[in-house]
Amino acid sequence: MRPKDRVFKKIVILTGAGISAESGIPTFRDPGGLWEKYRLEDVATPEGFRRQPEMVHAFYNQRRRDLLKVKPNPAHYALARLEREYPGQVLVVTQNVDDLHERAGTKNILHMHGELLKVRCEECGHVFREEGDVSVKTPCPKCGRPGGLRPHVVWFGELPFHLPEIEMALKQADLFVAIGTSGTVYPAAGFVVIARRSGAYCVELNLEPSAVAEYFHEHRYGPASKIVPLFVEELLKNAKDF
Ligand code: NAD
């Protein structure tokens with residue numbers, strides 16, 4: 001059943017690095033991006049952090065500074081509009097650690113891979129917002145101990161956040177949309193299978209076919225800043241005409 005034939009009650013939207021690419025945050029694959037200068041095993045694993053905490057802090061300090069310089073793009077704004085105006089529920093599940101969805105106005109959002117602008121104390125578990133630099137010497141604002149702070153992001157080998165909640169939302173969704181994600185990082189890459197098996201209509205919006213493209217009913221390829229606003233416009237119009 002195509003989107004134009006119905007109004008959806010529960011929409012789950014999975015977003016990945018591709019939705020923020022046009023804002024100037026490089027994806028894993030973008031040439032010249034930060035990810036080309038660093039090895040994933042060094043900066044995105046608990047082992048890498050134990051080996052070289054200062055270097056890992058420097059990497060995330062740089063990413064935080066870069067994030068504060070960029071702005072949401074029309075794709076982020078379109079999803080915020082969908083949440084505000086659509087008659088059904090809209091939940092954004094993002095793999096992105098940036099805060100561009102929130103800055104565009106999205107409220108109902110789960111960050112499954114954590115948030116770049118948050119830091120966690122491994123000594124006392126305190127999670128807090130941090131826009132500035134962090135080092136191995138920075139004390140925790142709650143327990144006062146230095147040396148325990150780490151980025152509040154999910155590294156390879158760690159369990160993503162909010163999984164039970166996400167799984168329940170996928171099983172109840174009647175529309176699942178994946179935007180700007182390569183379909184190579186699990187468990188997010190498997191969400192389409194859960195949603196489809198539970199009866200959701202599944203749409204992929206990406207620059208190119210993802211690794212799991214075959215599981216979607218419908219595909220639209222192009223830059224997110226163009227195809228996401230068009231798709232949202234269509235959903236809102238269909239809901240109005242229904
Ligand atoms: P990925 O880098 O593996 O894939 C990005 C996908 O987006 C690709 O399929 C690419 O074709 C597509 N894409 C690129 N530019 C696009 C555009 N303008 N419009 C639409 N699609 C575009 O990213 P992923 O699937 O999110 O990979 C997962 C991991 O990358 C996650 O763990 C995430 O935390 C991490 N990551 C996040 C950010 C961020 O927070 N902004 C940036 C880089 C990587």
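Backbone N, Cα and C atoms are what each Cβ position is placed from, and that goes for glycine too.
What TrEMBL records for this protein:
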ACT_SITE  HIS113  active site, proton acceptor
BINDING   16-35, 95-98, 180-182, 206-208, ALA224  NAD(+) binding site
BINDING   TYR60, ARG63  substrate binding site
BINDING   CYS121, CYS124, CYS140, CYS143  Zn(2+) binding site
DOMAIN    1-238  domain 'Deacetylase sirtuin-type'
Which recorded positions from the set GLY24, GLY32, HIS113, CYS121, LEU207 have a C-beta atom lying less than 6 Å away from ligand 1?
HIS113, LEU207
Whole-number answer please: how many Å between the C-alpha atoms of SER20 (NAD(+) binding site) and ARG63 (substrate binding site)?
13
Could you check which of the binding-site residues (TYR60, ARG63, CYS121, CYS140, CYS143) sits closest to GLY180 (NAD(+) binding site), going Cα to Cα?
ARG63
Using GLY16 (NAD(+) binding site) as the reference point, find which of the recorded positions TYR60, HIS113, CYS121 has the shortest Cα-to-Cα distance to it.
HIS113
Neighbourhood of PHE28 (NAD(+) binding site) by C-beta distance under 8 A, where only residues 6 or more apart in the same chain count:
ALA17, TRP35, SER182
Near GLY32 (NAD(+) binding site), how many other Cβ atoms are within 10 Å of its Cβ?
8
Nearest to GLY32 (NAD(+) binding site) by Cα distance: which of the recorded positions ARG63, HIS113, CYS121, CYS140 is it?
ARG63
With a radius of 8 angstroms around the mean position of the C-beta atoms of CYS121, CYS124, CYS140, CYS143, what other residues of the same chain does the Zn(2+) site pick up?
GLU122, GLU123, GLY125, HIS126, PRO141, LYS142, GLY144, ARG145, GLY148, LEU149
Rounded to the nearest angstrom, how far is the Cα of CYS121 (Zn(2+) binding site) from the Cα of GLY24 (NAD(+) binding site)?
29
